[in-house]
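Everything below concerns the one structure shown next.
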Amino acid sequence: MAGSSGQQGKGRRVQPQWSPPAGTQPCRLHLYNSLTRNKEVFIPQDGKKVTWYCCGPTVYDASHMGHARSYISFDILRRVLKDYFKFDVFYCMNITDIDDKIIKRARQNHLFEQYLEKRPEAAQLLEDVQAALKPFSVKLNETTDPDKKQMLERIQHEVQLATEPLEKAVQSRLTGEEVNSCVEVLLEEAKDLLSDWLDSTLGSDVTDNSIFSKLPKFWEGEFHRDMEALNVLPPDVLTRVSEYVPEIVNFVQKIVDNGYGYVSDGSVYFDTAKFASSEKHSYGKLVPEAVGDQKALQEGEGDLSISADRLSEKRSPNDFALWKASKPGEPSWPCPWGKGRPGWHIECSAMAGTLLGASMDIHGGGFDLRFPHHDNELAQSEAYFENDCWVRYFLHTGHLTITGCKMSKSLKNFITIKDALKKHSARQLRLAFLMHSWKDTLDYSSNTMESALQYEKFLNEFFLNVKDILRAPVDITGQFEKWGEEEAELNKNFYDKKTAIHEALCDNVDTRTVMEEMRALVSQCNLYMAARKAMRKRPNRALLENIALYLTHMLKIFGAIEEESSLGFPVGGSGTSLNLESTVMPYLQVLSEFREGVRKIAREQKVPEVLQLSDALRDDILPELGVRFEDPEGLPTVVKLVDRNTLLKEREEKRQVEEEKRKKKEEAARRKQEQEAAKLAKMKIPPSEMFLSETDKYSKFDENGLPTHDAEGKELSKGQAKKVKKLFEAQEKLYKEYLQMPQNGSFQ
């Protein structure tokens, strides 16, 4: 034994060598970078922290679907980076509340309000409109842009139409209500025309800075309400140009000190030639082919900054304003160069530079901002920081068209966010955006929205069906069921789809592919549930719940499902917060079972009135409460909580279909009745009389009433005689049937 023991000690067993699996290279996030026009691996500068600046709106009018295109798309990208890829995103957005458009619109609104307060007489109004039409006509003739020309022509036409009734009323010396009504119509139609004219003549007299702050403050509030309604997350920090004027002045001064800016007549301009000639810098990084495009550059400078005297202040036409000397009728702030206001491009540079420093990870904006706005932002910021990497990744969202056309007020396809939300929910709009690439053109049309509505309905039905399965009572161990081949196959498909979705998100956040993969996964689940139902077997609860939870999680990440956030611990401990479904469903289940019992008795006892009441509960009462009862043949009632408006819409569509069927049935019955009446009327005619009234065809008849001569007195040919004989015999048969009808009771 001792020897044996020693043997064991000598040959002691040890664990075999272990080798890690080869594995696969993890998929990395790539983003389409406008600086390279390629998809690049996304590598933040500081670990998982991501600094992100997004160009916000210029707030002088209602937000429209073009704004929604950018802000919903960036909201989706931000959520995916934060909640899916788990980056620590610091998101900054600006509000442009000092701008040429704002100044002009504020002055126009103020002057038009003053004009209305004076209550101009009809004759004076007509005189003013004619005066305003003169410069307007010159502007119309000089306009070459077809969309803008169409808009101006429409304004001119509508003003002329509104002018005529008032001119006639004045000529006829009408007074009172009739004239006042014509005045109101003309004031409404000529508002833009008169506002522009008043601004050109009196705009320089507007000096109160509060007039220029009132307008953007109002529209900023409307913008935030629109974003909240669209479920767009608010930025981590919001910057307003009006609150950063001192920082902008300092930013401009340093650019001048670094040799890239120059002062001219109280304004400060960026020296593009000096910057481009520097070995450290490049001008026009985003759209180099657009450098020198004077039309684009002038649009970037603003309507109030492209007069001949302004343009003459520049060393080069390619230079752009960092600071503008204020003219009479423009707001102003003190600075080393005299009273003035910021240029458009410098505003973003100063605010983003103040908060995010010399280099940010992501800068975002709409596609049409690439040049000159973003190229000029890059230039002046890199001139300030003396670097070549102010932005690492530039993301630009695609255009939005309206039913294939460029969005334009002149084409009457300018849709505000509020108007869009009257037709479709925020979720439906977001689903439409998710079903398209964020960087490509999106066509906002009835077809696009119908696809989104169908997708929403498709997913919702799946979630409702899974909820119904999960509500089926089981004991605590019964919720874990043995898997068969069908469950194993569905689970494999589930993990395959998760991989495909991850790869799509890594590929420039390709939500379009993600949505298709999710649709395919739901289709596989539907086939599985249908097969189990056909076999009278219960689907696997845990598997379907896992898939439904995953899909819900993804939709929450995309912002398609809202989550209520709360601070701190829930009141009353965990699990006590109100959940409508878990609270209401037990009561609905009791109601459903009671209704089933009542229906069973009503069918057995043949009480149709009770069955009708039961159907009315299902079809008329419960939908008003957002509850759907489904009565599948031979199976228990399925209870679903659905959005009330969705159910009411479904009910209305069902009623319309039924009404259409009823109308078609009535129409068919009416046609049948008319045909029978016509047939009866024909049957009543004795064959001997059937041709006698046709004097336009025949002139002579035999003793039986058969025609022998045509209308011109010529004897009928053999063929014609044979034809009328055949008609005569057919009528003879019909008349015979008619005479027999009272005897056999066919007609009463």
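Keep in mind that glycine also has a Cβ here, set from the backbone N, Cα and C atoms.
What Swiss-Prot records for K409 is ATP binding site, and it gives similarity to another entry as the kind of evidence.
Here Swiss-Prot flags 1-25 (among others) as region 'Disordered'.
Under 8 Å from some Cβ of the region 'Disordered' (654-686) lie the Cβ atoms of residues 705, 731, 734-735, 737-738, 747, all in the same chain and six or more residues away from its ends. According to Swiss-Prot, the region 'Disordered' annotation covers 654-686 (among others).
Among the features that Swiss-Prot reports, region 'Disordered' is placed at 700-721 (among others).
The motif ''HIGH' region' feature in Swiss-Prot is assigned to 57-67. Helix, strand and coil residue tallies for the motif ''HIGH' region' (57-67), in that order: 3 helix, 2 strand, 6 coil [DSSP].
The residues of the motif ''KIIK' region' (101-104), classed with DSSP into helix (H, G, I), strand (E, B) and coil, number 4 helix, 0 strand, 0 coil. Here Swiss-Prot flags 101-104 as motif ''KIIK' region'.
As annotated by Swiss-Prot, motif ''KMSKS' region' applies to 406-410.
Within its own chain, the motif ''HIGH' region' (57-67) is flanked in space by residues 95-97, 99, 101-102, 105-106, 215-216, 219-220, 222-223, 226-227, 366, 399-400, 402, 407, 414-418, 420, 444, which lie at least six positions past its ends and keep a Cβ under 8 Å from the stretch. Secondary structure counts, DSSP: the region 'Disordered' (700-721) has 4 helix, 7 strand, 11 coil. When DSSP labels each residue, the region 'Disordered' (654-686) comes out as 30 helix, 0 strand, 3 coil, counted as helix, strand and coil in that order.
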